[in-house]
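All remarks here apply to the structure that follows.
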Protein chains: 4
Amino acid sequence: MEIEIATIGGYEEVGRQMTAVRAGTDIVIFDMGLNLSKVLIHDNIRTESMHSLDLIDMGAIPDDRVMSDLEGDVKAIVPTHGHLDHIGAISKLAHRYDAPVVATPFTNALVEQELQDEQKFGSDSELITMDSGETMSIGDSGTVDLEFVNVTHSIIDAINPVLHTPEGAVVYGLDKRMDHTPVIGDPIDMKRFREIGREGEGVLCYIEDCTNANKKGRTPSENVAREHLRDVIYSMEDYDGGIVATTFSSHIARVKSLVEFADDIGRQPVLLGRSMEKYSGTAERLDFVDFPDDLGMFGHRNSVDSSFNRIMNEGKENFLPIVTGHQGEPRAMLTRMGRGETPYELDDGDKVVFSARVIPEPTNEGQRYQAEKLLGMQGARVYDDIHVSGHLCQEGHYEMLDALQPQHIIPAHQNMKGLSGYVDLTTNQGYKLGRDVHVSSNGNIIQLV
Amino acid sequence: MEIEIATIGGYEEVGRQMTAVRAGTDIVIFDMGLNLSKVLIHDNIRTESMHSLDLIDMGAIPDDRVMSDLEGDVKAIVPTHGHLDHIGAISKLAHRYDAPVVATPFTNALVEQELQDEQKFGSDSELITMDSGETMSIGDSGTVDLEFVNVTHSIIDAINPVLHTPEGAVVYGLDKRMDHTPVIGDPIDMKRFREIGREGEGVLCYIEDCTNANKKGRTPSENVAREHLRDVIYSMEDYDGGIVATTFSSHIARVKSLVEFADDIGRQPVLLGRSMEKYSGTAERLDFVDFPDDLGMFGHRNSVDSSFNRIMNEGKENFLPIVTGHQGEPRAMLTRMGRGETPYELDDGDKVVFSARVIPEPTNEGQRYQAEKLLGMQGARVYDDIHVSGHLCQEGHYEMLDALQPQHIIPAHQNMKGLSGYVDLTTNQGYKLGRDVHVSSNGNIIQLV
Amino acid sequence: MEIEIATIGGYEEVGRQMTAVRAGTDIVIFDMGLNLSKVLIHDNIRTESMHSLDLIDMGAIPDDRVMSDLEGDVKAIVPTHGHLDHIGAISKLAHRYDAPVVATPFTNALVEQELQDEQKFGSDSELITMDSGETMSIGDSGTVDLEFVNVTHSIIDAINPVLHTPEGAVVYGLDKRMDHTPVIGDPIDMKRFREIGREGEGVLCYIEDCTNANKKGRTPSENVAREHLRDVIYSMEDYDGGIVATTFSSHIARVKSLVEFADDIGRQPVLLGRSMEKYSGTAERLDFVDFPDDLGMFGHRNSVDSSFNRIMNEGKENFLPIVTGHQGEPRAMLTRMGRGETPYELDDGDKVVFSARVIPEPTNEGQRYQAEKLLGMQGARVYDDIHVSGHLCQEGHYEMLDALQPQHIIPAHQNMKGLSGYVDLTTNQGYKLGRDVHVSSNGNIIQLV
Amino acid sequence: MEIEIATIGGYEEVGRQMTAVRAGTDIVIFDMGLNLSKVLIHDNIRTESMHSLDLIDMGAIPDDRVMSDLEGDVKAIVPTHGHLDHIGAISKLAHRYDAPVVATPFTNALVEQELQDEQKFGSDSELITMDSGETMSIGDSGTVDLEFVNVTHSIIDAINPVLHTPEGAVVYGLDKRMDHTPVIGDPIDMKRFREIGREGEGVLCYIEDCTNANKKGRTPSENVAREHLRDVIYSMEDYDGGIVATTFSSHIARVKSLVEFADDIGRQPVLLGRSMEKYSGTAERLDFVDFPDDLGMFGHRNSVDSSFNRIMNEGKENFLPIVTGHQGEPRAMLTRMGRGETPYELDDGDKVVFSARVIPEPTNEGQRYQAEKLLGMQGARVYDDIHVSGHLCQEGHYEMLDALQPQHIIPAHQNMKGLSGYVDLTTNQGYKLGRDVHVSSNGNIIQLV
């Protein structure tokens, strides 16, 4: 059976991930993501009303025109998890293919919301939900199967899809960290990866998340971030003024820790901001997390302001607002608090906890710097960088290679500079660039069999 | 009563700490330390056989000639903890003063070993042991007391001495982190600091450890490092080759965690290297830590090599050697392992855990880089930077000011660049440089009353 | 005669410089500057219509309330050169004092424009022009003189004022580089500085520009930047598309070099942007520079657009626009060109020359990064960082100390971190912090005699 | 005619360059270099007495075993210039091939000295000298020619060899900067490169020096470094103590500038250190540079010490020693001066000029830091980083692509991270990774025709 891999998006950047695997006449697409920075550099652009071709020209969504060179039918579109760089282009591109979206429950819930936000696109894209650990047959040959292996990432319900073919397994490794104590959900299923590496024909090809390929060591578990965060929040137990926290809205495990620690130090947590409401609301509705019954989540401007007013009336010292704005985004809640644009008044000594890391790019760094300056001008004390990455570092990559022992390797989710450390690692392990390590670019097709 | 502070060493550098406080006619000296980097830049120098004046000229030990300008008698020499930059000059300078060394049990045990190593100096310096939480009277006035407040640092049994005078308390704040879960020993005694800030005349002067004064946020607890380390070591549970770890020999809490986690993953820990034996042996002898009965500690070259031979014979997979060399020191155990100079043979995939951070100075960075290169050439996989600092960051400084509310502040334990962040903080809190914040230099005397 | 120095602004930051020297009953104020970054962090603020007290509260202009503690009369306000951080608060503060502004011709021309821009303030502030090398008497005692010593900086006609008193000279050393080949104007007058250091009572006090105090070596001459720039521009001689350059508008020597090199490669230079027109127009009017007769300078939006239209019509290959926007300021000309908001169309391969360095602060870095991204999206090739600093580095400071041999030293024009390298240097040269080196803060008064 | 390129060394590192081009049955080898850092990390290794296979195992010299896969005969070994990473393995590997070394006069003079230093290898390797601008026929087909195009680098007499084949030209682009004012020798021959890009079949393949591929802008001309250096040295004209300078010994243009500027400020230059004598002596002997008749060059320890003694006797203020040690190498002359191991005594205020940049690697940075510390402890004032790179930055690469318009591109002289910026550039210019841009590794063969 012929096996081809089309590396469509995310092979020259972090963002707008998209990869297609053809096994005989059956094609499966992994991820359809958005590169948000390509949108934000322009003023006043709203992607909802834009045509996909314009977004492709901007480099915001994958250029999927190479799909016409793959001879076969798309049988499934498989987003691995609910981050926008993996699902954000589904509403723009999926309708071109006569195929269902197959994803885990939480991911599909987020895909559904994306589709609803998109005006031009109907509800005609079928969403099929499959849990991690399960397998479904792809196409009519009876020889190709799609399996979801549980992985751990900075969002819940993430999986690595594996396409089992007669020539061996194609393992799509985006995005993950090797976490044995992930706070929410099961640990990464390394046992299954090791089995896949040894059963049948073994692993034909491994497509790897190289975000952190130039970083040494091991990405710490979410539990390490949790203990770090606990240490910070508990240290504020005796403070009787305002405490505010921010983190990635989609990072349910972190939000859960914040909610719990707020409670531990006798403060009522409140989630504020549109995406805080969206992600945590979805996670609670799907029973991924069990928040306190009285946990407030407010997204609309009016209800947020009401909530802030209530906090100011009942006493800041009784609450711990968890808000959007961890990157210092100019319009996010925390930056607005820094500008004094909300009813919440910061006083000298009030604490602001960034349970997030600045995404290292000058634009973000400038915005975050400004947000912290503004908060500081109001008297706030800043606690920074209480976070762990969601992506494997070099020793995680080393362990994955040891588990899977793939014949071919395709580094992804980075530009060439970013993935260079991964190529060094594979070379060190006996692979060879151009022979079995394929550094690709957007729009390439790699023929494996 | 006149109160003067002589800032003798460590006010233009990190290293060779020494400060004297005169209260009336009674003088107490806090710390007498060594600046090791001033020694190491020269080839082939052994401090043991050097005269103190030569060491002063090199900038290696404090220039205590300013002491002759203080009118009074030295009543006590008080090292705050057992690090060399705080006790390393006692063997060179203490005999000039007719005063006992007053310190906690672990610190005094280390001071005693320093004195024994020094050939010219006899055993005639009296060592008085006092536990944290205790107080002794100083001099004959009956109005001056010395109290030890328990603090948390990267070595056990650290205290902050407080000199109570009729004019208020002088709090000597070197070195500490604000740790509520320190793995070994009691949490920092913030309750007592807050009392001192409010009782009697309050705090006349606070001398602060500014090592991390330019770092934002809060220094994490040792417990966070422990959970990080646990995550790393547990992730190696299935590895059946060699695992080696290194950390600061004097960091007993970290060594304890390494010993426990080795045991947890079914390996026998062994402590190797002269200073590993010295510090851990002392801590065990004084009952600060309860190591397993069969824990091996070997310092001499022959016994280390025997131990390595035994490990190679019985199988590397059964052991976890904990060795010296965390900074890549050319003669330390781990670097020698990288050069293949020990019986321990590293194989491809063997793990090396640095539970330490490179002290950020180009010499160290170069040596550590070389050590890692050499280890890598032997096939080792490196896990780096599993550590937390032992020193307060800005939010710890903020909390200390809030607790003590001192009239005067003297930043210490840094050069001017390093302490600048602390001056900014004090300015922000209403203090004023030159009025109540005293940026000093080595050899100055500050008259407070 | 009593001599006091009030360190009013610029002693905790770079920006809003202001220092007053009292000699007996005569006071001279050196500089009255603006800290622009304190204004820009707020949205939509126009300083022209703001009250000085609000600007003081924002930290934008010096808090001159300490002046009431100086017993004497202000006899002169002496800006050293025309940069906003030295003259930008004159229009807000000078009217409080019954004293003329004394400055060099170019500086006074810029002060005059500042005063005209300010609505509330009349034209009643007397401007007295004095050239470098000249001296005037201050007050009635007949013993105090003000001398202007020629220095070299990134703007023309800069001086260091020296107040000669019976107790020795007070040398106000802001801002300068030690340039022996400055492209426009005379070299720094080191001969005079050496004389001042040796004549009469010598130098009582030296107030130094510490902007680059932590940088090693010697700041290169403007001639080095010129040769670098020549190399870059000449390398484009064969290019037949668009070439655009930007630099600091007030940097007349650099603008002159750009104009000449444009001509050398057969292109017509055009100055575009409001401040380009302002500074270069003023310099030409005062005969500091002899631009070609047909050099266009356009500041108003309409005339800029007309000029761009003409360039596009006659062929980009015949022109070299020199525009504002070297820091990537969102509203500056070059950033607008990157956004495609001007009639000038960038094509693939067009060259953009930044003859400037990004001021190292995250906000600037983020904006500059965005500007370069936008220019790159239009196809532009970027030449960066063709520049030399206008401020002394460590070896310049070393030479100044050697020339002046001051009794007292006051580091200025930096925060404590920034000036720390200068204190190290003075310590190395035998001075002592707190004795003859005075690290001050805004609002302090230092009594020298 | 079949054209193949074997990428043998320098494709995963900077160092040990070696590339072979097969055109039909004729093979030409470009460069045979050494990776010195792979030697220096080991203690006490002398390469002269080592076997080539051991050096290959260490990664110190190219692994040329892939040459057996190329079907053809080596007709020439062509080093491009005299740096060790290009000629340092000739003495170890060239004797395996029955082919002459073809190089420019200066390069061949250095190759000859390498061969003489090597004990095992005889003088049987023929050296053929060809000047830049000349062409010779390769092999018997009459259709393959080797041309030397003049380029500019940080060593004199550098060329880019071009192999003209019936399928187009193969341009070997290592190492160069695009310099139109190179101080010694002719400017880079861009006219010829543009012709080659347009004549006959054009350029089949371009192998490019990617050392600086991640650096923006244009590498400045040597003339810019010269003017920078002039500014520094002239600024010391009035100093009446010691001035010492160091630079790359092989950098004849820089040495020439130092010699001239020493003379300009009334000091006698002296070249000290083994490699200073070697390179400058060779350059003078071959008439590349016209040093003053009385310029001393001393290499052996005794004569260096004599020279230092003479300088101390006749007065340091009359000399300007130009010595080895620009990277702070522990055994080099300048470091020994810092340790006080030479007769030259440094005094407070003496100047040390590093006309070189630290090669950015932690080992070098650590050694250089130590050297500067030691010099500073003797009182020396350090002038650093007066240098320009010898390698193209991004805009030079852009211009080369524009001139040559190659069909295929092979980035070289870097690891993958280092060359990533070059791949981005080629992608931007319409090339595609894997199609016509070939990122290779050591030991690969790329079939072009």
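In case you wondered, yes, glycine gets a Cβ from its N, Cα and C as well.
Look at TrEMBL and you will find C:15-228 tagged as domain 'Metallo-beta-lactamase'.
Contacts of C:HIS83 (Zn(2+) 1 binding site) defined by a Cβ separation under 8 A and a same-chain sequence distance of 6+ are given as C:GLY33, C:ILE155, C:ASP175, C:SER250, in order along the sequence. Mapped onto three states, the DSSP output places C:HIS83 (Zn(2+) 1 binding site) in coil. What TrEMBL records for C:HIS81, C:HIS83, C:HIS153, C:ASP175 is Zn(2+) 1 binding site.
Positions annotated as Zn(2+) 2 binding site by TrEMBL: C:ASP85, C:HIS86, C:ASP175, C:HIS413. Remark: C:ASP85 (Zn(2+) 2 binding site) has C:GLY10, C:VAL14, C:GLY15, C:ARG16, C:GLN17, C:GLY33, C:LEU34, C:ASN35, C:LEU36 as non-local neighbours, by Cβ distance under 8 Å and separation of at least 6 in sequence.
Annotation source TrEMBL lists substrate binding site at C:HIS387, C:VAL388, C:SER389, C:GLY390, C:HIS391. Close to C:VAL388 (substrate binding site) in the fold, though at least 6 residues off in sequence, lie C:ARG177, C:THR219, C:PRO220, C:SER221, C:GLU222, C:VAL224, C:ALA225, each with a CB less than 8 Å from its CB.
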Cα proximity to C:HIS153 (Zn(2+) 1 binding site), best match among binding-site residues C:SER389, C:GLY390, C:HIS391, C:HIS413: C:GLY390
Cβ neighbours of C:GLY390 (substrate binding site) where a neighbour is any other Cβ within 10 Å: 23
Cβ-Cβ neighbours of C:HIS81 (Zn(2+) 1 binding site) (radius 10 Å): 27
Zn(2+) 2 site, defined by C:ASP85, C:HIS86, C:ASP175, C:HIS413: further same-chain residues with Cβ within 8 Å of the Cβ centre: C:GLY10, C:VAL14, C:GLY15, C:GLN17, C:ASP31, C:GLY33, C:THR80, C:HIS81, C:HIS83, C:LEU174, C:ASP209, C:THR211
C:HIS81 (Zn(2+) 1 binding site) and C:GLY390 (substrate binding site), Cα-Cα, nearest whole angstrom: 12
Per-residue Cβ crowding (10 Å cut-off), top of binding-site residues C:HIS387, C:HIS413: C:HIS413
C:HIS153 (Zn(2+) 1 binding site), number of other Cβ atoms within 10 Å: 30
Residues flanking the Zn(2+) 1 site, with Cβ no more than 8 Å from the Cβ centroid of C:HIS81, C:HIS83, C:HIS153, C:ASP175 and excluding those residues themselves: C:THR80, C:GLY82, C:HIS86, C:SER154, C:ILE155, C:ALA158, C:LEU174, C:LYS176, C:GLY390
Candidates C:HIS387, C:SER389, C:HIS391 (binding-site residues) - the one closest to C:HIS86 (Zn(2+) 2 binding site) by CA: C:HIS391
Remaining residues near the recorded substrate site, that is with C-beta within 8 Å of the centroid of the site residues C:HIS387, C:VAL388, C:SER389, C:GLY390, C:HIS391: C:SER154, C:ARG177, C:ASN212, C:THR219, C:ALA225, C:ARG357
Cα-nearest neighbour of C:HIS413 (Zn(2+) 2 binding site) within the listed binding-site residues, C:HIS81, C:HIS387, C:SER389, C:HIS391: C:HIS391
Local Cβ density at C:HIS86 (Zn(2+) 2 binding site) - other Cβ atoms counted within 10 Å: 32
Chain-internal residues, separated by at least six, CB under 8 A from C:HIS391 (substrate binding site): C:HIS153, C:ASP175, C:LYS176, C:ARG177, C:ASP209, C:THR211, C:ASN212, C:THR219, C:HIS413
Count of other CB atoms lying within 10 Å of the CB belonging to C:ASP175 (Zn(2+) 1 binding site): 26
